[in-house]
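Read the structure below first, then the notes.
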């Protein structure tokens, strides 16, 4: 029995688009979870040119398009519609470029030598006695159970004066701000740096991995289109 190339390509398109739909759902779940954590931590800043909330929101949009185009790809494959498949492949190509660009920007930001320097420039002034963003600072210190960007020394005004915000207290309701045992002893720099880095890295890696799946589906769809065109 001769090998049926057309049938193989047809079912390959269908299977790949089922994977595309599942990938979209997974990406939606990942990006939605990250966006939820961004909202709860208020870490909605731009690091080395990469906007944390924008990255997760764009990933949510890409995930939605994955699901929509996956369904469209299955329909086009089953019905063997040439023009529909061409439009599908074109749309997926645009989506692929967007994915790779956002993913590359995210990973380059995370691995950039300026990453820590950028974090320092954003948060160092927030974690000080004269902070202009006390609400955010207090929220982050309580959330990460830390005190000061580089430690409690950030709140030393002079040799004999230290002004520690209540948010540095392990128990804000019962706290002696002059008693170090009542205060968080961890600096905020490390946990926040790791947390933000994790957000950026997960988004970047997810987009690149799903981008590879996207590229395979584009190639198979293009070959299938060519096969259908020769039979018209």
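Every residue, even glycine, has its Cβ placed from backbone N, Cα and C.
Within 10 Å of the C-beta atom of residue 146 (disulfide bond) sit 24 other C-beta atoms, taking all shown protein chains into account. Marked as disulfide bond by TrEMBL: 146-175 (among others).
Classification of residue 147 (disulfide bond) by DSSP places it in coil, neither helical nor stranded. Applying an 8 A CB threshold to same-chain residues 6+ apart, the list for residue 147 (disulfide bond) reads 141, 155, 164, 168, 183, 184, 185, 186, 187, 188. Positions annotated as disulfide bond by TrEMBL: 147-168 (among others).
Look at TrEMBL and you will find 12-34 (among others) tagged as transmembrane segment. When Cβ-Cβ distances below 8 Å are used as the criterion, the transmembrane segment (12-34) is approached by residues 56-57, 59-60, 62-67, 69-71, 73-74, 76-78, 85, 199, 202-203, 206-207, 210, 213-214, 216-217, 220-221, 224 of the same chain, each at least six residues removed from its ends.
Look at TrEMBL and you will find 54-78 (among others) tagged as transmembrane segment.
According to TrEMBL, the feature transmembrane segment maps to 85-109 (among others).
Sequence annotations record features per position, and here TrEMBL assigns transmembrane segment to 202-225 (among others). For the transmembrane segment (202-225), same-chain residues at least 6 beyond its ends with a Cβ under 8 Å from one of its own Cβ atoms are 6, 9-10, 12-13, 16-17, 19-20, 23, 26-27, 30-31, 34, 55-56, 59, 62, 66, 73, 76-77, 82, 85-86, 88-89, 92-93, 95-96, 99-100, 102-107, 110.
Around the Cβ of residue 175 (disulfide bond), the number of neighbouring Cβ atoms within 10 Å comes to 15. Of all Cβ atoms in the protein chains displayed, 27 besides its own lie within 10 Å of the Cβ of residue 168 (disulfide bond).
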